[in-house]
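Peer 1: The structure that follows is given in the form of structure tokens.
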Amino acid sequence: MMRKSQLQFNTELRVHHPPALFRSNKIICTIGPSSQSVEVLKDLMKAGLNVARMNFSHGTYEYHQKTIDNVRKAASELGIHVGIALDTKGPEIRTGLFPAGDVVIEAHKTVILTTDETFKEKGTAEKFYVDYMNITKVVPVGGHIFVDDGLLDLIVVKISGKDIECVAQNTHTISNRKGINLPNADVDLPAVSEKDLMDLQFGAKNRVDFVFASFIRNADQVNEVRQAFGGKIAVIAKIENYQGIDNIDAIIDAADGIMVARGDLGVEIPAEKVVIAQKMIMSKCNKVGKTVICATQMLDSMTHGPRPTRAEVSDVAKSVLDGADCVMLSGETAKGKYPVETVVYMSRICCETQVTMWNMAAFEAIKNLQSFPLIPEEAICSSAVNSIFELHAKAILVLTNTGRSAHMVSKYRPPVPIICASQELDVCRLLSITRGTIPVYYDTEKLGPDYDREKRVGLAIDVGKQMGVFKEGDVVVAVHADHHTKGFANQIRAIYIK
């Protein structure tokens, strides 16, 4: 019987059906005290880690250098390709210092925020410093100011000179250097702070694979981050505020990918609106084939407990169904008690969710939204995915030196692994965030020149057999250039596995 709708497809699901054998979604893990050792990193990689994230809001350069060295050592010992991401601190707004340490702000009491630097280290419950000089120009009377991840809600009642008089809406204890969010405010902070610039230079020196750029508000800021890095780099723009949402189309166009950073975003906009923002942003990224990451509190309870809540399982599954290419873990793997178990659960949830997806409908939806005519390379790649359904093929083999063809194939959401043979190690690591890909390094010194197409196809087939992706008698689809064309995929063919 022909399936006519997603609803029809859903009615045919069965709980006892096995999960997907190969996980399409990539897993990003934040590395911290719980996960920095080589042995734990190897366990994380075996469990499903694809990208190691360093949070530059914390830690010294010595600490991050150790993380980079350990990740590369662990990946090398396992013979796999793992990406490394530098997550910038970004242009944050923070309070000053409080000599008394913890200070209680009581509900319904008046508190003054000031940009007067004489209060920089003299904060009290009645008046404390804020390090954003233009705050008096961008917040209106009646507007909200959130302190400490939204745990303290202040309403502005009066603005005078450098002072903003507010009334606390709840009681909360704050301390030194707490973050401040200004919902709906047109904040004009630069994309790259002095600290960010030094951090990016450190990243360039160590040849990190990705920069996760915090608090991106417009496309120009994406370019600022790229220029500050000083070399070729994949920039993932983190959407964390209203301005980022309002400018999302231009940001998607400028960036190499998008992260829906639900932590700060859920403070800047109402939490229930994050559901809409997530679905909208992911759909826009899917339409144009840009990588999209879902982050924050995905399996947060596993920071302290061995199993996720049912709500967290549903959240991860919903993110996959919404179109996330990658799902990200933060404190769960950085400081949690169960980092490896968390990745195991994350991988299992993704594999179970994959079998609920009607892949043909996803392919047709994306293809129908494209502007025709397509460029030849994309037409070849989309046709390769279409042939998967017609041939019941078990995999797509892509020969790529830049990752471009692999990414185009991934855009059309094939339900099978994409085995990508490349002579460039950098490309193998870049593919660590591309949905469905299995990067394979073609070592020209051992295997001969990269233009020997059949050797490269043979390598991809050997890897697929070893991994159990396909077996003798199965069909696979290959995408590559002809013998005389380099850097341009212009051929597809069906191959019977012998």
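Glycine too: its Cβ is placed from the backbone N, Cα and C atoms.
Pulled these features from Swiss-Prot for this protein:
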type: BINDING; residues: Arg53, Gly263, Asp264, Thr296; note: substrate binding site
type: BINDING; residues: Asn55, Ser57, Asp87, Thr88; note: K(+) binding site
type: BINDING; residues: Asn55, Phe56, Ser57, His58, Arg94, Lys178; note: ATP binding site
type: SITE; residues: Lys238; note: site 'Transition state stabilizer'
type: BINDING; residues: Glu240, Asp264; note: Mg(2+) binding site
Peer 1: What three-state class does DSSP give Ser57 (K(+) binding site)?
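Peer 2: DSSP assigns Ser57 (K(+) binding site) to coil.
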Peer 1: Give me the largest Cα to Cα distance among Arg53, Gly263, Asp264, Thr296, the residues the record lists as binding substrate, in Å as a whole number.
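Peer 2: Roughly 18 Å, rounded to the nearest whole number.
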Peer 1: In this structure, which of the binding-site residues Arg53, His58, Lys178 has the fewest other Cβ atoms within 10 Å of its Cβ?
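Peer 2: Output over binding-site residues Arg53, His58, Lys178: least Cβ neighbours within 10 Å is His58.
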Peer 1: Out of Arg94, Lys238, which of the recorded positions is least crowded by other Cβ atoms within 10 Å?
Peer 2: Arg94
Peer 1: Between Asn55 (K(+) binding site) and Thr296 (substrate binding site), find the distance joining the two CA atoms and give it rounded to the nearest Å.
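Peer 2: Pair distance, Cα basis, whole Å: 13 Å.
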Peer 1: Using the Cβ centroid of Asn55, Ser57, Asp87, Thr88 as the reference point for the K(+) site, which residues of the same chain not in that list have Cβ within 8 Å?
Peer 2: Met54, Phe56, His58, Leu86, Lys89, Gly90, Phe212, Ser214
Peer 1: What whole-number distance in angstrom separates the two most remote CA atoms of the ATP-binding residues Asn55, Phe56, Ser57, His58, Arg94, Lys178?
Peer 2: 18
Peer 1: So what sits near Ser57 (K(+) binding site) in its own chain, CB-to-CB under 8 Å and at least six residues off in sequence?
Peer 2: Asp87, Lys89
